[in-house]
Structure formats: C-alpha cells, structure tokens
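> The transmembrane segment annotation in TrEMBL covers 9-29, 49-69, 76-93, 105-129, 141-160, 172-196, 232-250, 270-290, 302-319, 325-344, 364-384, 390-410. For 11-415, the entry in TrEMBL reads domain 'Major facilitator superfamily (MFS) profile'.
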Amino acid sequence: EVRLSRRRWLVVLLFSGYSLCNGFQWIQYGSINNIFARFYGVNAFAVDWLSMCYMLAYVPLLFPVAWLLRRRGLRLVALAGAALNALGAWVKLGSLKPNLFPVTVLGQVICSLAQVFILGMPSHIASVWFGSHEVSTACSIAVFGNQLGIAMGFLVPPVLVPDVEDVEKLAYHISIMFFITAGVATALFILVIIVFKEKPKYPPSRAQALIQSRPVEYSYVKSILRLFHNTNFLLLMITYGLNAGCFYALSTLLSRMVINHYPGQEVNAGRIGLTIVLSGMVGALIAGIWLDRTKTYKQTTLAVYIMSLVGMIVFTFTLDLGHLWVVFVTAGILGFFMTGYLPLGFEFAAELTYPESEGTSSGLLNVSAQIFGIAFTIGQGQIMDHFSTMAGNLLLCSVLFLGTIMTAFIKADLRRHRANVGNEQT
C-alpha cells in the first residue's frame, strides 16, 4: 500500500536544521579569514584549510558512510551526523586563545566528519519519505538547509566578530559565536533523537514500494561497479563536480576577492556571500518544483549550467568596477544558477541510477565535488596571490565552459520516472 506520512515534512525540516548548522560551521572561518588569521597568528592559507578540511575528509569516508546508510538505515546516520556536529562545536570553545589554533583545527575536523553523514542524505530522505509528485521539491528543501547555513556563515561572523585590535575583546566576540553555535547544534541533536524515524510505515511511491517488495541481497561493491559502468552517470558525476567545485572555491575565497578590491568591507563581503547563497536557495526551490511538474531533467540541468557560466563571466568582469551594488547584483545572478544547480544534480543522478541507493549516487557526486573543490580552491588561491583576482576567476569560467559542453552529452535515461509511471499504469 502506498501512503504519505504526515511526519515527512518534520523529518526533512529537522534534517535541514542540523545540515544548516554544519554548513554554517564550514564557512564561519572563511568569511572573516583576515580576523582569524591575525587572532591565531597564522597565514590566510592556513585559515582556508579550515574550510578545505571539509572537502578532504569527505573523499575517504564517503564509502564507509554510504555502506552504513544502506546497511543500518537513515536514523543511525542522522544521529551520527547531528552528534559529531555538536561535538565539534563544543571542542571549538576550547580554542579561545591565540596559541590554541590546533584545537580549533580539531573541532573543525570533527565537524567535517559530521558533514560526511549529511551531504549524501537529501535525495535518500526524499525518496524514502516523499511521493513521486513531491520528491524533487523535498530534495531541494533538504539541500536548502545546508545552503541557508552557508548563507548565515557569510552574514553572522562579520557581525558577531568585529575587527578589533585588542586580543581579549576579540576572543570574547569569538566565544559568543562559538557558544551560540554549540547550543543550537546540541538542541538539534536532541530533536533528532526524539523525532527522526527510520522510514514511514507505508512506502510513499510506487518506485519505493517496488524496492521494498524485493528483499534481495544487496552488494555495495557491485552497486558501485554498476554505477561506474553507467556512462550517463559518470558524465553527470564529472560535471557536477566541476560546478560544485567552483562554488566551493568561490565561497572559500570570496572574502579575499572582495577585500582585495574594496578594503575594509568585511561586512559587505559577508553580505555578498549571503546574496549568492540566498538567491541560490530560491533557484533550487524553483528548480525542484519545476522538475516535479515537468520531469525535464536534462533540459533543466543544461539550461542552469549555461546560465551559471554566463553568471560567472559577468561576475568576473564587473568585480573591479568600484561599485559594490554591481557586485551584489552580479553575485545574486550567479548564485541563483550555480547554487540552484546542486539539488538538480542529486535528482538527475537518482533518475539515471534507479534502483541503486540514492545515498551511493549522491555520495559519489559529492566526492567529485570535494576533489574538484580542493583543486580549484588551491589553484585559484595561488593564481590570485601570484597574478590577480580576475585571473583566478577566469579559471572558474573555463571550468564551467567545459562542464557545459559535457552536460550536453548526458542522455535523459529517466529510470525512476519510468518505474513510477509503469507501476501506476499496472
């Protein structure tokens, strides 16, 4: 019997909540890179690594976590993600002196472990809890939380931690931010214990009912091998990595870009980052609703990719004009498409790889994103240091151009959609 659970919206909103907290902790150092570099007495590249450690941790740990998701289910993975997120936030409270940079690194590494239990979950939660007519919208809402956290990570730290010279006052302001984060993370962990369930009593869609009615022995290795033999999925994995990697590099280095052209504008640099992510959240939500109504995965993905390229080109050539309002506008256009692409990739992958686990396919997309994200962040940072900000951004433009060409070659093999339609007809 196929039936929708009332709890489904509570589950996806709670997931969005602790994903938000984790996303905030990813970028909270990068948005005020210069302040943390001065407080701890380290260079800007060392602070950049506090963001890049998120990307680095994901690559080796994806496969064990995806295996755990398949064998032990959603609830255990959700508990682990929320618990590690809270633990990392509390560890950071032990790093409120300039000589305790290694402690803040440890706290951030723990948070990066939590991220491994979070990033691959949206499409899996959407498939297990939501009907075929709302699955893409649910996935967008699940991704929405992480993006909102990144947005807050751009906005809140420059407000809570002003650029003051006195080290004790600076430590006090940093402690306020860390205490608030730890309190929120702990409250969300308690809510996950109370609210989060493994799956609804009845399957929410025909495709999910078909999976649950076939209790075959699952081989994780064979599943990965099947995915690597799926040409369309491989193309999507590379193009998703190129796009998301550009977003990670842009987010990590944005503060340095803006301050380079507009000195003393740390707060506005954070607001520009906020604009990128908020407009991307709107784009993601619109894309999810559009996909649920039209099922035009290939066409929508290609159109959004092309517009991401156009937005990046416009942002690159207007950043140094000397008008901050222009940067806000171009950043908003760029974010609408580049960040809005992220849930599109998850849902397109779920369609191309059905009936494989959504946790595995989305996890592989994220591995690609983290690898490219590290490479682009280091590469663009070095180009900015040795040449110019524009040269670094031109690297991202060329990457997005390559991704657009490759996306055009992906065939729209919508297996999950065919399963839903076929079962409804039967």
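One-based numbering along the chain as shown.
Cβ coordinates are placed from backbone N, Cα and C, and glycine is handled just like the others.
Not measured: the values here are computed from a predicted model.
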> Against which stretches of its own chain does the transmembrane segment (49-69) lie, if we need a Cβ under 8 Å and a gap of at least six residues from its ends?
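Distant Cβ neighbours of the transmembrane segment (49-69) are 26-27, 29-30, 36, 76-77, 104-105, 108-109, 111-113, 115-117, 119-121, 124, 220, 224, 248, 251-252, 357, 359-360, 363-364, 366-367, 369-371, 373-374, 377-378.
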> Among 76-93, 172-196, 325-344, 364-384, 390-410, which stretch has the highest count of C-beta pairs below 8 Å with the transmembrane segment (105-129)?
76-93
> Under an 8 Å Cβ to Cβ limit, what residues of the same chain, 6 or more beyond the ends of the transmembrane segment (232-250), are close to it?
51, 55, 276, 305, 308, 312, 338-339, 341-342, 345, 348-349, 352-353, 361, 364-373, 375-377, 379-380, 396, 399-400, 402-403, 406-407, 409-411, 413
> Six or more residues out from either end of the transmembrane segment (364-384), which same-chain residues have a Cβ under 8 Å from its Cβ atoms?
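Distant contacts of the transmembrane segment (364-384): 45, 48, 51-52, 54-56, 58-59, 62, 119-120, 224, 227, 236-238, 240-242, 244-249, 252-253, 256-257, 260, 345-346, 349, 391-393, 395-396, 399.
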> Counting only CB pairs under 8 A, let me know which of 76-93, 302-319, 325-344, 390-410 has the most with the transmembrane segment (172-196).
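Against the transmembrane segment (172-196), the leading stretch is 76-93.
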> Per the 3+ Cβ pairs under 8 Å rule, pairs at least 6 apart in sequence, do the transmembrane segment (302-319) and the transmembrane segment (76-93) touch?
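Per Cβ check, the transmembrane segment (302-319) does not touch the transmembrane segment (76-93).
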> At a C-beta cut-off of under 8 Å, are there same-chain residues at least 6 beyond the transmembrane segment (325-344) that contact it? List them, or none.
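Cβ under 8 Å, 6 or more out: 122, 136, 139-140, 142-144, 147, 240, 243-244, 246-247, 250, 258, 262, 271-273, 275-284, 286-288, 291, 297, 300-301, 304-305, 307-308, 310-312, 314-315, 318-319.
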